[in-house]
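Q: First the structure, which I've put down as structure tokens, then a few questions once you've had a look.
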């Protein structure tokens, strides 16, 4: 069998967990045995962390696969996929590792399962270096559903750094194939809304301060739009630990959603948290693309699997996106091209990511 394993170098380009997520999901979908070496070689603490291991384990369980080298700190794994089945699956990082990253690796797989799936994902819901669950529900979900599938994401409990303890339940039905997407018209910003939250020992005043600072910052650039950022205190029975943060979403006339977000941490002034999120949003609005920097790379695997040509207009291509494209092309027959967009406004730094998808079909349907 070893002669047929696809060899993946986990240390090139972005050199992080994303290489593992993209290649394992595609290995599972395409039935390709995989070896990944130099896992997360680009990180200060190389090898598998609890969150990456949980992601590998849920994919293994989804398809009755075989995983070797699945230990914390391991820098090499081999994975032999089986047949993808639906049903109920649990993944628990037992840390504040991100449930959203677990969702990223499992979701493409269960789309091509034999029956509906219910994923119980446990860990951090609002973690550093990963999309917040609010982003997943408010931005990722409506955009990714344009590929012609739907999913339900129920936030049972929020969990914060350092202990995690959050739980999200994702329900999905399989599809025959994915439709391509065309996201090339930005339109104009029609509304800006969001939520600033505190949980645990923190007072609601911090959420109000984050919200007010964010609104002030956006107002300097965008004067005539109503901005509605709700300050919220998470109910104690629906949150584990103490945490705070903010997400702000801009919606456009063509249905594009772009966001900025930030997390609070000890010693970080709440105004600064609000301003960080606002500046990130304004930055994403400035480039003229139809998706923000966090969404860009998350679309690549779906574009690669879809049947037909997908086109997305984005800002400058992130290293995460370049990495996702590299491994999607290596493992599938999808072809990507990235071209500088011909803009009326030369100050816009925009690109068209185009993909001729492989047209994956679900053998079970």
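Easy rule for this one: first residue shown is 1, then count along the chain.
Backbone N, Cα and C atoms are what each Cβ position is placed from, and that goes for glycine too.
Dumping what TrEMBL says about this protein:
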type     : residues : note
DOMAIN   : 13-338   : domain 'RNA 3'-terminal phosphate cyclase'
BINDING  : 104      : ATP binding site
DOMAIN   : 184-286  : domain 'RNA 3'-terminal phosphate cyclase insert'
ACT_SITE : 320      : active site, tele-AMP-histidine intermediate
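Help me understand the surroundings of these features in the structure.
A: Under 8 Å, Cβ to Cβ, and six or more positions away along its own chain, residue 104 (ATP binding site) finds 21, 55, 298.
Counting every protein chain shown, the Cβ of residue 320 (active site, tele-AMP-histidine intermediate) has 20 other Cβ atoms within 10 Å.
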